[in-house]
Amino acid sequence: MRHDIHDTFPGHAGIETDGHTMKSDYQANSISLTGAVSMGTGVMIGAGIFALTGQIAELAGPLFPLSFVAGGIVTGFSAYTYVKMSNAFPSAGGIAMILQKAYGPGAIAAAASLLMALSMVINESLVARTFGTYVLRPFNLDAGSTLVPVLGVGLIVFAYLVNISGNRSVGLFSVVMAFLKIGGIAVFGIAALAASGFAFAPASGSPETIPIAGFTASIALSILAFKGFTTITNSGAEIVDPHRNVGRTIVFSIAICVVVYLLVAFAVGSSLSLDEIVAAKDYSLAEAAEPALGPYGFYFTIALAVVATASGLLASVFAVSRMLAMLTEMEMIPHSHFGMSGPIREHTLVYTVVIAGLLTVFFDLSRIASLGAFFYLVMDILIHWGVFRRLRQEIGASGWVLVTAIALDTLVLGVFGATKLQSDPLIVVIAVVAITAVFAYERIFLSRWTAGKPHADH
């Protein structure tokens, strides 16, 4: 059902997208460059380093830190498309805007946008479970404890309460938490390396145990650790001087994360063997802290994980609820109030935390990460292909960079899918069914795959 689109946001400035003005509660110039970088790094560093380090090591083998470098390179090629598009067309519906310009307001653009939103919700459940896992480590309770999803859902509820209070609260909290988190992780990495004499040796394993396919597949999870940069485009219209600062924010955020991830990966590798990292894959940083830094280092790392996951979830909920609100306003997804009052963004905030909560309860970290990677990579490939076919000349983008981004994404997606088919075929089936269902759902809702003129029938 498409209803209550144009009268839900009285008194707020409209956002012009492809000639279609959408009334919204987006607040222009409400997010500074520092705040935007904090939000981007907040999402990326939240679960990426704490939840995925062990998962990546399990696939990549002894040289797992290089997976973060490879992930950063692939993300850099992907980011080129987003920077070019955001500089040309800043919009609080960033991803949806790119897809709509590339494909028109049909089912392809809507489904790919929804895949992005769902991958962000999946990431929230990843962060939430990571939070629960680390909080329970001092009590010797592992990731299989029933308290893990309970604590995760509690964090999701907290993020909802903070987000409902508005942009300023989110911006201030994100800035403070980002500085604490990045500083703390840097201290952890440097201290752990210092304890090992700054002599990093690849986690124990012979060259024969370095699986090329596994390493390539691990890049899918490394990319997942960087994908938070896309939240910046979703808040583009709210960033101060967006034509200049959206691109700068993306570049700064990715660069900061490459340095932080590499530092921590070396620190973990210098403290634990590969087998130990894999055995503690859901809480590898906490496991690495104690032998390197003692009990105080262990508790410091736990506190750091709590700060990182809390701020990461907060920033993600902020971004995805706005993206869903924009998709609703653009009439790319149906909307039902379910008896709730208030603006659409408050409704999408509720939907976001409910879905994230359900995923937190029913999926473990490995499956959550895998599902998120599948959703994100499919959406990313569609973004690059659409821009390459229809927009590259308009925005002055280099064709070879776009083709390289598509090729890298496709390679990683294919190898990751093949690897998971061998180790966990059920999650591949779930991903394929879910992605197919999203496209079928949008095709039924919108009655067309593409359209030449966005909003021509609205």
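In case you wondered, yes, glycine gets a Cβ from its N, Cα and C as well.
Annotated features in TrEMBL:
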type	residues	note
TRANSMEM	31-57	transmembrane segment
TRANSMEM	63-83	transmembrane segment
TRANSMEM	103-123	transmembrane segment
TRANSMEM	143-163	transmembrane segment
TRANSMEM	170-198	transmembrane segment
TRANSMEM	210-229	transmembrane segment
TRANSMEM	250-268	transmembrane segment
TRANSMEM	298-327	transmembrane segment
TRANSMEM	348-365	transmembrane segment
TRANSMEM	371-388	transmembrane segment
TRANSMEM	400-419	transmembrane segment
TRANSMEM	425-446	transmembrane segment
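Between the transmembrane segment (103-123) and the stretches 63-83, 143-163, 298-327, 348-365, it is 298-327 that has the most C-beta pairs under 8 angstroms. Contact between the transmembrane segment (298-327) and the transmembrane segment (63-83) is not supported: fewer than 3 Cβ pairs lie under 8 Å, counting only residues 6 or more apart in sequence. Counting Cβ pairs under 8 Å to the transmembrane segment (210-229), the stretch among 63-83, 143-163, 348-365, 400-419 with the most such contacts is 63-83. When the stretches 63-83, 143-163, 348-365, 400-419 are ranked by Cβ pairs under 8 Å to the transmembrane segment (250-268), first place goes to 63-83. Beyond the ends of the transmembrane segment (400-419), by six or more residues, the same chain brings 59, 74, 77-78, 80-81, 213-214, 216-217, 219-220, 223, 370, 373-374, 377-378, 380-381, 384-385, 387-388, 392, 428 to within a C-beta distance below 8 angstroms of the stretch.
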